[in-house]
Amino acid sequence: VFIFCILYLWLNQSEEEEVQTIIQYWIRVLNIKLGWIQDFDKLVAKYVSLFYFCFYLMKYLFTTNFIMLEMFLSSKLLKNFTGHTDCVRSIDYSEFDGGRFICSGAQDSTICVWDVETNQQIQSFNGHSDAISCLKFSPYHYHNRHQDVICSSSNDNTICFWDFTNNKQLQIFNGHTDWIGGIKFSSFNGGRYLCSGSGDKTIRLWDVETSNSLHVFNEHENCICCVDTSPLQSDNNNNNNDNKSNNIGVIGGNGYTICSGSLDKTIRMWDIETTKQLIVFEGHESGVRSVKYGSNELRNIGANTILSGSYDNSIRLWDVRSGKQIQVFNGHRSDVWDVEYSPFVIKSSDEVVGGNSNVICSGSTDNTIRFWDIRSNKELYIINVDDKNEGIYCLRFLQAKEKGKKTNSINLCYGSGKGNICVWG
């Protein structure tokens, strides 16, 4: 009742008066005698107003963040960024200073930065001596040092930071003794911490501020291809860099975890603060190529899940709480290199079920991008990419814009084996 009262206080007065007018008209037409309840029409008007307000509020809440997949099915190739000469292994996307940017790292050892609005390459780096395996925009440098920085990991065993506005290299992390696969910034403390997985079978946690290696996780039995950090907890703020509750112990990160995928066919989850291994997920029949935590924004899937793609051609969904596999998705004919939770929902019985995201996405070297319904375990849609692209190696969803303004639509960006980066929408 209290919640409904609060909602009612938000009600627009003009809408209430409009409904009262309609009710009064009904009463006049039907010649209804209200007797002693002289203000009955006003009472009805208020409750009708409240009903419609709640209805439209719920409709807004359940449709703002999630887009109908059916709207995306008519999408087409919008942009094609060319510049790399070999397989694009990683892409990331960020919005800042009023612009939209993509960074890409490739097998040709180069890093490129692209302006999505102008379709132009605005920067490139070739300081690594071997293939780029993963790269991310650095939230720590942007929020704490007002620098536009990319972090990259490479097969040359190093992690580097690049200021792409001033075209210079910043920090270099040395410590791994073999190629480095995935990297990921912490969701807490403004991205101050970075985790990395390596061919030396270890995961390292780094302090970006001091450039120190804080801890080495070493329970995997084979090379580590991918890592992720658990999402920002719902009671924290993205830009709260001085959150005392997350500065416990040497490393910090109270309640946060890392997950890692390895060629030993397992996914492992680690407690950042205690540095203890928590769960070992087993089920893949070959090495794990991609792992992603669910987000707090995904009301149906939720933050208590991990999504994985593997060299066994499958995608799997895991429950963090039980440590068990929830679902397996088969259909790809070759390695699954990347997986993503999508912002899409699909219809069921001509209605959106709860307005919750229920679609995941995967990219494979079989030249397809596939969409899956997590509830029914069904394949929903396939984007067949030209064989000349030589496989899909990385995916990223982008917020669409028209004339500088965000729209209620989504673009899908992917990197190919040929070296080009494509945007669908």
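Cβ coordinates are placed from backbone N, Cα and C, and glycine is handled just like the others.
Here TrEMBL flags 50-69 as transmembrane segment.
Annotated repeat 'WD' per TrEMBL: 81-124 (among others), in sequence order. Confidence over the repeat 'WD' (81-124), given as mean pLDDT on the 0 to 100 scale, stands at 93.
Among the features that TrEMBL reports, repeat 'WD' is placed at 125-172 (among others).
Residues annotated as repeat 'WD' in TrEMBL: 173-216 (among others).
Taken from TrEMBL, the feature repeat 'WD' covers 254-280 (among others). With a threshold of 8 Å between CB atoms, the same-chain residues lying at least 6 positions outside the repeat 'WD' (254-280) that come near it are 182, 184, 186-188, 193, 195, 197, 201, 203, 205, 215, 217, 219-230, 233, 245-246, 248, 286-291, 293, 306, 308, 310, 318, 320, 323.
What TrEMBL records for 281-328 (among others) is repeat 'WD'.
With a cut-off of 8 Å between Cβ atoms, the residues of this chain six or more beyond the repeat 'WD' (356-382) that come close are 62, 66, 69, 73, 297-301, 307, 309, 313, 315, 317, 326-329, 331-346, 348, 389-395, 397, 412, 414, 417. Under the heading repeat 'WD', TrEMBL lists 356-382 (among others).
Below 8 angstroms of C-beta separation, residues 130-137, 142, 148, 150, 152, 154, 162, 164, 167, 390-391, 393-399, 401, 404, 413-423 of the same chain, each at least six residues beyond the ends of the repeat 'WD' (81-124), sit close to that stretch.
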